[in-house]
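Since the structure comes first, as structure tokens, the remarks are kept for the end.
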Amino acid sequence: MVDDWFEIKKRYLVKETIGSGGFGKVKRALHIATTETVAIKVMDKAKLGADLPRVKTEIKALRTLQHPHICRLYEEIETENKIFLVLEHCSGGELFDYIVEKDRLNEDEARQFFREICAAVAYMHSKGFAHRDLKPENILIDEDHRIKLIDFGLCANPDAGIESALATCCGSPAYAAPELVSGRKYIGPEADVWSLGVLLYALLNGFLPFDDDNMPTLYKKIKSGKYDEPEWLSSESKFLLATLLQVDPKKRITMRRLLSHRWLIKDHLAPVDPTSKYDDKTLDEELLTNIAIGLGWQRAEMRQELVQWKFDALTATYLLVGYLQLRRSQGKTGKIIDTVPLKDFLKGEIEKENQPVSSSTHIQRQKKITRRAVVPKDLRQQLQSSPCKNYRQPLTPQKPSRKADKNYHEVYSSSDSLDIDDILATPLKSEEEFNFQSPEPFRIRTNRGNRAQSEKQPRLHSDFDETPKSVQITRRTKTAPKDPADRYSSPAGKSKRRSKTPPISWMSPIKNQKDYCEESAPNTMLSPDRRTRSYDCNLDQIRMGAEPLTPSKKGRGIFGSLEKGIDQVRLLLTPNKKKNKDSEPRKIKAVSNVSRLTKQEPKLVLKTIHEVVSKMGVPNRVKGWVVRVQNRDNMGRIQLDFELEVCRLGGRALTSDASCGVRRHRIKGDAMLYKRMAEDILSKVLV
Ligand SMILES: Nc1ncnc2c1ncn2[C@@H]1O[C@H](COP(=O)(O)OP(=O)(O)OP(=O)(O)O)[C@@H](O)[C@H]1O
């Protein structure tokens, strides 16, 4: 049987699932040669079916669009059954979470984000692409707090030019322009500008301008163009929103004018610059030389390969090493590149015998790492056998020889010490474990629209002129808040009620009709040994004060020494991570998707979360410090899948000045539904 993961696992250490969408899953992984974290979007060709051309457009967009605010493609691998897109990893989470955490953003912060989003969208348009699915869930934040646009699965790249009329109705209804929901032909950039208006509104207010559970009512609201204007909005932001959310696309502000709108340039003194410094495909000669020396290649030969931008293993290495160099030049710390000179790092060889490190001294460990944390032996041999074409990915990978297979397992099979990432990477157990009795319908608090509904401000309606001469003032009546009961349940007939369901595509029903049943992580990721182990942290044990179970040290088998090698790489990268890895929650930077619970006992928080979720009748499972929540609809399909991880924030230890936090992470399902359920759980944990 063909192992679709073979090529990926030769160069990447695949970790946990960090996202899931209509087309497949997104996994976090480490690029072995540079130890850089990447995101791998995995799509199943069989599941794609008629949507395959859309993925081709997505790949074309990712290959073409090189911009600081667009998630970068490093490598693309197509096998018989799967398509893998290796992408820049954005560790700051979704913009959606950021808004949820902050409730709403102040105008300065919203402006900074919105400028970056506009730069990316304007750049896309200049390259002939319209995004067509702009929403906070498709905008990620990187570790430098910068915006990165993702998910080009619905983008359009019309042959006749970006200004040509499109007919395909797609995107997420709440963000869709009136001309789309009316079923008329539309111009891609005009529709994107409308979505930017919805997005800006969401940034500034924390809720959507057009929202309804009932789809026809939602469309009606969109077509009316009437929305609330909360009192906290400045008059300039109101004018800008009015020019963006202009029902007549011809009166809507154009992208070009938007870039120099006075709300956007406030305090920046310059229009948004949509050009990209990455667009220049000139190769960095110094970097090229370093990599060529490191890999033992002819420089000219390597250049010839690189200029073709094939987005293969070589492109990935070039881009990732370049990224590491850049970070080093910016004085950023924390990765292996700080301790190992780049050339040595690339030149190093994996030892034939990977002896465990006997000394605990840091320097000795570093030396070992220098030799080990490099291009895997297999890959290195391939690369050194010169022809650069070895970097090319076969469309259908050859079945690995027994020897290669063994090498692969030696390098990548599980290590004996697992951290929380390992715990997360283990697939969930079968459904029975979730006690799949139909969850009791439960009521939840809803705060959606409360603010908006308290507002009775007149709504300003203007044309695209920045200083509208005639302003039409309309008042709108409020609809009473809906009964919050059954908010989370999604009986078949009601599943469409949520207008903001995950990227709804109206192009073809296939994307929505996907079987939402979670497929477990590919078994091939894990060695058989690892798969059979249990790393569960039993709640009773926690209650009794016991530590979560640690994996058995037995059964490391013949792969032990090499596993240890890999493990030591990771040890050096995050020296503290292995200490008491399960007895204390992970230390996490206070980012947007982490709620702080000052001075609370983590074990108690974990227990309370589990109890609260269980009381709500929602299946959940505790693993280490993570409560994985999976809510299903009446058909048994996963409707919502997310994690709540108890973590610690700042400070040296939980007993001292550190405070406890809960990291929220949506894996699958409607973002708004997730927001409500997570908020509901946390509000009960906090009391
Ligand atoms: N580069 C990345 N870094 C970190 N997380 C990512 C990255 N790309 C995607 N994700 C996570 O995975 C989720 C799904 O990704 P994406 O939207 O690209 O998949 P999709 O199958 O096209 O989804 P959809 O059905 O929403 O269109 C994202 O919402 C995000 O949380």
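Any Cβ shown, glycine's included, is placed from N, Cα and C.
Taken residue by residue with DSSP, LYS41 (ATP binding site) is part of a strand. Within 10 Å of the C-beta of LYS41 (ATP binding site) there are 25 other C-beta atoms, taking all protein chains into account. Annotation source TrEMBL lists ATP binding site at LYS41.
The compositional bias 'Polar residues' annotation in TrEMBL covers 381-399.
Residues or ranges marked as compositional bias 'Basic and acidic residues' by TrEMBL: 453-468.
The domain 'Protein kinase' annotation in TrEMBL covers 12-264.
For the domain 'KA1' (633-687), the number of residues in each DSSP class (helix H, G, I; strand E, B; coil) is 16 helix, 23 strand, 16 coil. Under the heading domain 'KA1', TrEMBL lists 633-687.
Feature annotation from TrEMBL assigns region 'Disordered' to 376-413 (among others).
Annotation source TrEMBL lists region 'Disordered' at 431-509 (among others).
In the predicted model, residues of the domain 'Protein kinase' (12-264) average a pLDDT of 93.
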